[in-house]
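Data first, discussion second: the structure below is written as structure tokens.
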Amino acid sequence: MSDQNEQDAAKNRLSLRPSGGRLELGGKTVDAGSVRQSFSHGRSKVVQVEVRKKRVGAPGAPAPAGTGSAPSGRPGGPPRSGGGGGGGARPQAGRPLTQAELATRQRVLEENRRMEAQREREARERQALMVRSAAEEAARKAEEERRAAEEAALRAEEEARLKAEEEARKAAEAAAAAVAAATQPTGAPPAARRPGPVPVSPALRRPGAAPAAPGAPAAAAPGAAARLTLKGRGAEEEEERRPVVRRPGAPVIPAKKPVLAPAKKGPAGGADRRGGRIDVQAAIEGEDDRSRSLASVRRARERERRQQELARLRSGNERVVRDVILPETITVQELANRMAARAGEVVKALFKMGVMATITQSIDADTAELVVQEFGHRVRRVTDADVEIGLEGATDEEDDLFARPPVVTIMGHVDHGKTSLLDALRKTDVAAHEAGGITQHIGAYQVVSPSGQKITFIDTPGHEAFTAMRARGASVTDIVVLVVAADDGVMPQTVEAIRHAKAANVPIIVAVNKIDKPGVNPNRVRQELLQHEIVVESLGGETQEIEVSALKGTNLDKLEEAISLQAEVLDLRANPHRAGEGTVIESKLDRGRGPVATVLVQRGTLEQGDIVVAGAEWGRVRAMLDDKGRQLKEADPSLPVEILGLSGVPAAGEPFVAVEDETRAREITEYRQRKLREKAAAANSAARGTLDQMLARIQAGEQKEVAVVVKADVQGSAEALGVTLGKLSRDEVRVRVLHSAVGQITESDIQLAKASNAVVVAFNVRATTQAREMANRDGVEIRYYSIIYEVADDIEKLVRGKLAPIQREKFLGYAQILQVFEVKRLGNVAGCRVTEGMVRRGCGVRLLRDGVVIHQGELSTLRRFKDDVKEVTNGYECGMSFANYNDIRVGDQIECYEVETVAAV
Ligand SMILES: Nc1nc2c(ncn2[C@@H]2O[C@H](COP(=O)(O)OP(=O)(O)OP(=O)(O)O)[C@@H](O)[C@H]2O)c(=O)[nH]1
């Protein structure tokens, strides 16, 4: 538009100048400028002001806008274009405007009017916008203030509620009492009238809480109270009202005669509100307030909770550093639990470390440790073995120790009279019932000597197969009675017994037995013992020796005296006032009674009902029996007892201990069983090696084995069989006991034997019907025994039968190389003469040069006159070539031999 004006002005100027040459504005105007006008409704405009010398514009005129004769537009019109540059040309006075000029002028004026109108409209809109935004800003501020107030109030309320909960409960009780008293016509309860903030009783806040008496304003109509907002109340008052509001469902009790009066500000306001003083307007407004505050309260609560959570998480000080116990393996879920973290976070952490693991997957302790450190916790590594920590109990104080009977083990060579001696000592006869006439398992008994001295005897069998058990017997015993038959003297097992006793640092008492036999010489025994560093008292040594006769019962009292004396010297003491513990002497699976273990209490007192852990088994002691079959309620130190109630058959020699509860017992036995399984698996895999290795060994005939599954009546026998069979192993053939256990032969035993091509050794046990049928079907051999050396003999035969045959070399003859021919197809061929014996095709050959073997191999061809022959005898000539060997020379000698296999003896 301004361009248009300028153009018009320029046109005028150009049109005027040629006509008159008079510059009207340029000549008359002495001053010019612009003035901004402001109007009351916010509109403003800028006008051009021209001051002329000769004509003075009417005072107050908006602006001189031209001459009276010339239509210069309405006052206050837009400045002319180019006015700042010395004014524009005006049409000459007196000359009527042309039609074109008029039209232009009209158009310009129209334009100006339109623009003016638009500017005015814009200004109005701007003004309105400003007004509106100011209002909005004010509203927003108000809202923020309100929210801040609400939050502050909420916080205050929460704190107050937590702190005053106890107090409030008491106050509620008091209020209830007061309300009960205030149900008179006057009605207003003291609690409602009491000035100052009254803690809101939880009973009143809690939905469904028992309402106070009708008319009690404190409890009066929470719903109604919610709707009746006191006008002009502050944030605090509103807060007090809010808890009531947000607990819908509380019993609504209409207030009696609510007083419609404006509420007072101040602390009493809350009390007044509860008192039921409300006004109608507030009640009406309260509708909106209630619904709004419900939502806002919730929002505020949520916001606050989030902020607190964020603050807790962000602040390093409040971070909880935990001690995370890490076992050898742990599942991801369990690890997360121990760190109180989300399992997903743990999975994520593992993922970052390059470990893909699901929640249920187990990770090793090293990986888990990295995760724990990542989460900023402390690691405490534990091993499975830690479950046994503290099992052994505290060391006894000197004052707690009391004298205990000695535990004696009778040792000696086979048939020197151990059992007979024990029998004589305890006036019983076990030997008669023993299969094969030897003791098959350890028994333990306690006898009371004529002098009243208690002595516990452990009967260790004499056969060498029981060496292992004897060694164990020595470790639990205090004194060893070494039985040496006067007629037989010191025998190998006597020497072995001495070694075991010495190794266990247990004193020996020598019982020279069978002195009743005619012509025996006990002194010979004494002399023989000297060779084994046993110097008896009669020869000036320290070892007591008693000449006894188990058969006749001679000097048994002296033997007991000697034992008592030795016990005194040893000063044997134990603390009976603690949980019982000791060692399993023997165990078996009894058909009627289940697992039965003979245990020797070594410390403390074992009581019936105790929960015991024995080796890898545990159980509650259901019953306790002594060696005479009598039921006992408790067993003191050094007393051997049979215990019933174990979950399984513990291994002989395992320690047992009474523990505090089942959980502990389970924990320990689970760990021990796991260890046993691992050990067995390791032993198996070690024995097997890799499949390739095993195959290679078998193919090379390096190793063969006799696999055996042992089932025995008692643990001791099973163990003894293991030892016996182990000794039968030879370099080339090994005896491998795949499984050794107590009890009947079951199908699983047969399966095991079948899988390993093993033989089942049944010692005093029988197979179940199913197992027997299965064995017949699958061709598994079950061998039944009741005497241990029969087992040994049989297995030894089996071992011999499987021994690799011996390769024996048989000399055939010698041949002398007379000539060497080079044959294309065969390589070098030796023309020889047989000088000794014979040469046979396919036999083994050795090439001897100057009496030294330079090659050993096989003969590939044997010919006579181009014909292949089977053999060539002494004196004849023949052609011979070696397999894969060509370095033969004239003068070399060929030794021929054959390898024959003979059965091992
Ligand atoms: N004359 C005589 N014979 C005895 C005496 N003591 C044992 N015997 C006999 O010796 C044999 C072996 O006695 P056992 O008590 O079975 O010997 P053991 O040492 O227990 O034998 P194992 O259990 O096989 O180790 C039996 O025939 C007894 O009768 C004794 O004092 N005098």
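Don't overthink the numbers, they just go from 1 along the chain as shown.
Glycine too: its Cβ is placed from the backbone N, Cα and C atoms.
As recorded in TrEMBL:
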type: REGION; residues: 1-277; note: region 'Disordered'
type: COMPBIAS; residues: 57-73; note: compositional bias 'Low complexity'
type: COMPBIAS; residues: 79-89; note: compositional bias 'Gly residues'
type: COMPBIAS; residues: 107-127; note: compositional bias 'Basic and acidic residues'
type: COMPBIAS; residues: 134-172; note: compositional bias 'Basic and acidic residues'
type: COMPBIAS; residues: 173-228; note: compositional bias 'Low complexity'
type: COMPBIAS; residues: 246-266; note: compositional bias 'Low complexity'
type: DOMAIN; residues: 403-573; note: domain 'Tr-type G'
type: BINDING; residues: 412-419, 459-463, 513-516; note: GTP binding site
Per DSSP, to which secondary structure element type does Lys418 (GTP binding site) belong, with helix, strand and coil as the options?
helix
When you tally the Cβ atoms that lie within 10 Å of each candidate's Cβ, which of the binding-site residues (Asp415, Ile515) has the highest tally?
Ile515
Could you give the mean pLDDT over the domain 'Tr-type G' (403-573), rounded to a whole number?
79
Tally of helix, strand and coil residues over the compositional bias 'Basic and acidic residues' (134-172) according to DSSP?
38 helix, 0 strand, 1 coil
